[in-house]
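Shown next, in structure tokens, is the structure this report addresses.
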Amino acid sequence: MAQQLSESDSGWWVVSDRGRIWLPEGELPYGSAAQWHLVGKMAYRIGEWQGMPVWLLCLTYPQDMASVRQLIDADRGLFQLAGRGVQLAEFFQSHRFCGYCGHPMHAGQQEWVRLCAHCQQRYYPQIAPCIIVAIRRDDHILLARHNRHRNGIYTVLAGFVEVGETLEQAAAREIFEESRLQVKNLRYVTSQPWPFPHSLMMAFLADYAAGDLCHDPKELQEADWYRYDRLPQLPPVGTVARRLIEDTVALCRVQHE
């Protein structure tokens with residue numbers, strides 16, 4: 001699926017290595033391969049944005065390598081494609097050799113897969129399913145500040161789905177582990193690929209059912225109920241967490257204004 005770039009190739013350029021992405025001047029490069037000195041390099045076409053190809057190159061530069069988080073305020077579709085590129089680059093890097101027999105792997109031609117010619121094993125990009133849930137209690141929403149967040153943002157509860165769990169079971173378990181609360185009326189809202197490092201966020205709304213709030217200090221710095229019109233600092237627009245909070249606020253406005 002990789003091809004050697006020519007002077008006539010152009011589009012958006014996702015240049016990634018070890019979870020970092022090349023962002024000259026803080027933006028995803030756009031233009032011709034010649035303009036960005038990419039002629040002759042091998043690239044994968046991973047999608048299309050605004051009628052132009054999006055290319056992935058698995059290499060690094062000495063400067064301007066950054067986190068794909070810097071693109072979170074860009075258009076959602078472009079951020080998603082950049083995240084795809086970062087995840088694929090990491091997949092190619094971490095699957096150069098077969099985990100069963102140790103022989104070199106090669107890329108498939110029809111799909112994103114790494115193949116072992118020696119033992120015929122096939123490896124696909126890892127995707128970690130996660131649940132993220134906004135919990136409403138009358139005109140309040142549960143928000144928490146996570147230990148991993150250093151910028152004072154308050155958000156909703158989330159966690160990884162474990163082996164053998166349904167999404168509903170994962171939501172109930174994560175909520176109880178982090179807050180000691182039980183919920184009801186769980187309903188699916190939307191999903192969002194989240195390349196940190198390779199998650200798929202599945203978003204839900206829920207209503208409080210029972211329990212006294214007691215946050216897990218290993219996961220959360222604090223957690224509390226916030227009235228819908230008196231909220232702390234929130235996640236940025238474009239994140240699925242922000243979408244859930246805004247949906248919950250809208251429900252509160254309908255019922256309490």
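Here the Cβ of each residue, glycine as well, is placed from N, Cα and C on the backbone.
Range 159-180 is the one annotated as motif 'Nudix box', of 137-158, 159-180, 225-246 (source: Swiss-Prot). Of the residues Glu111, Glu257, Swiss-Prot puts just one in the substrate site with Arg69, Tyr124, Gln192, Pro193, Trp194, Pro195, Phe196, Pro197, His198, Ser199, Ala241: Glu111. Here the Cβ of Pro195 (substrate binding site) has 22 other Cβ atoms within 10 Å, regardless of which shown protein chain they belong to. Taking Cβ pairs closer than 8 Å, the motif 'Nudix box' (159-180) reaches residues 128-131, 133, 135, 142, 144, 186, 188, 199, 202, 204, 206, 211-216, 219-220, 223 in its own chain, all 6 or more past its ends.
Among the binding-site residues listed (Cys98, Glu174, Glu219), Glu219 has its Cα nearest to the Cα of Arg69 (substrate binding site). Each residue contributes its Cα atom, and for Pro197 (substrate binding site) and Cys101 (Zn(2+) binding site) those atoms are 26 Å apart. The binding-site residues examined here are Glu174, Glu178, Glu219; by Cβ neighbour count within 10 Å, the least packed of them is Glu219.
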